[in-house]
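*Asks:* Pasting a structure here, questions to come.
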Amino acid sequence: MKRNPNFTSLTQNYLFSDLRNRIAQFHSENPQHQVINLSIGDTTQPLDTSVAEAFSQAIARFSSPSTYCGYGPDFGLPSLRQKLSEKLYHGCVNAEEIFISDGAKVDLFRLLSFFGPNQIVAVQDPSYPAYIDIARLTGAKEIVSLPCLQENDFLPVFPENTHIDILCLCSPNNPTGTALNKNQLRAIVRYAIEHNILILFDAAYSAFISAPSLPKSIFEIPDARFCAIEINSFSKSLGFAGIRLGWTVIPKELTYEDGQPIIRDWKRFLSTTFNGASIPAQEAATAGLSTLSKLEAVHYYKENSHLLKTSLLKAGFQVFGGEHAPYLWVKPTIETVPYRDLFDFFLQEYHIAITPGIGFGLCGSGFVRFSSLGKREDVLVACERLQMTPALQ
């Protein structure tokens, strides 16, 4: 058996695995210090009671011969697909265009596998590292970096005379924490249509958007139905990080260059490769969508963002994002950070683990990402430490 040559293009360790190893090493060498880990975007708040009860009831039905069921529908429970159409998309996406899955990351892999190798894939720089790794694993012909710089409000800049097949676009963005407004997103959709680009729109953090002027879905731009696929997840909105449930939207109007509908092939693809997501998880998500606006977890994380942003600004750092996403994009100055390695600076001096911006791409150099998804008590300790000079730690 020959090794898949696509693995040769990957780094030895995935970014967050490497950070875990470095934190563990610091723990072993400095057991007297408590490290506050604000590096990885993992959730900490429990399920809402209504969601947990729906989950328990669904599981209980599997224990009785009279209510047991086997496989569910390949594309998801009709009740959940309909609820998503009504509650999140307000009718601009039909239930038949929504496909329930076991998470956004695996859907990204499925989609890039579905469209096949030798695609030219464009990604924002900085961006979630899984986009590039998955593109490489699925045999992308080329990966085009779209610089998202501070002086351009972190908007992607498209290179001239460069062909792109697929654009991975995330808003609210990981890692910058910034969100596209409707005019900005409309311009990208227009560019994609003019240049025959398919947009894979990652809306995993849309639940954090609170401003009516900011789109939660790319399909708030009507023309996006001709050029975009959207992926989303219940990991942050309902606390399903360890439960695994997401969805993909493929509009009926989206076609190949020969006019054939993509949704038809996607159904065939899923029927072969996927037997449907967990039924208890889907029933729990259906219950959660009924009370989505009342769920406390997102509000909790947004308050964490506010606390961190306030402390970081007082400590002299430049801070971006955090208002409509659970991430803060932080730029230390030479005066505040004498270290070359920003991860080591925060770990050694403040005993806080963050994600170095360079891990998200070359344009992330000089920045770090703070996650607000931690526990409040940890965030408060981090805020207190940030108010102290490093020498006093």
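Heads up, the Cβ atoms here are built off N, Cα and C, so glycines get one too.
Look at Swiss-Prot and you will find Y14, G41, K105, Y128, N174, N275, R369 tagged as substrate binding site, backed by sequence analysis. According to Swiss-Prot, the feature pyridoxal 5'-phosphate binding site maps to Y71, A104, K105, Y128, N174, Y205, S233, F234, S235, R244, N275. Residues or ranges marked as N6-(pyridoxal phosphate)lysine in Swiss-Prot: K236.
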*Asks:* Rounded to the nearest Å, what's the C-alpha distance separating K105 (substrate binding site) and Y71 (pyridoxal 5'-phosphate binding site)? Just drop the number here, would you?
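*Replies:* On Cα coordinates alone, these residues lie 22 Å apart.
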*Asks:* If one looks at the chain holding S235 (pyridoxal 5'-phosphate binding site), which residues at least 6 apart in sequence have a CB under 8 angstroms from its CB?
*Replies:* T43, G103, A104, A204, A241, R244, L245, G246
*Asks:* At the Cα level, what's the spacing in Å between N275 (substrate binding site) and Y71 (pyridoxal 5'-phosphate binding site), rounded?
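*Replies:* The separation of the Cα atoms works out to 7 Å.
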*Asks:* Between N174, S233, N275, which of the binding-site residues has its C-beta surrounded by the fewest other C-beta atoms within 10 Å?
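*Replies:* Counting other Cβ atoms within 10 Å of each of the binding-site residues N174, S233, N275, the minimum falls on N275.
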*Asks:* How many Å separate the two farthest-apart Cα atoms among the substrate-binding residues Y14, G41, K105, Y128, N174, N275, R369?
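*Replies:* So the maximum pairwise Cα distance among the substrate binders is 37 Å.
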*Asks:* Give the sequence-ordered list of residues that share a chain with G41 (substrate binding site), lie 6 or more positions from it, and have CB atoms under 8 Å from its CB.
*Replies:* N174, K236, P326, Y327, S371, L373
*Asks:* Over the residue list Y71, A104, K105, Y128, N174, Y205, S233, F234, S235, R244, N275, recorded for pyridoxal 5'-phosphate, what is the maximum interresidue Cα distance in Å?
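*Replies:* Roughly 34 Å, rounded to the nearest whole number.
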*Asks:* So if I measure Cβ to Cβ from Y14 (substrate binding site) and keep only same-chain residues at least 6 apart in sequence, which ones fall under 8 Å?
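*Replies:* The answer is P129, D133.
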*Asks:* Please determine which of the recorded positions listed here (K105, K236, R369) has the lowest count of neighbouring CB atoms within 10 Å.
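*Replies:* Counting other Cβ atoms within 10 Å of each of the recorded positions K105, K236, R369, the minimum falls on K105.
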*Asks:* For the residue listed as 'N6-(pyridoxal phosphate)lysine', which of the three DSSP-derived states applies: helix, strand, or coil?
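*Replies:* In three-state terms, the residue listed as 'N6-(pyridoxal phosphate)lysine' counts as coil.
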*Asks:* If one measures from the C-alpha of Y71 (pyridoxal 5'-phosphate binding site) to the C-alpha of Y128 (substrate binding site), what distance in angstrom results, rounded to a whole number?
*Replies:* 33
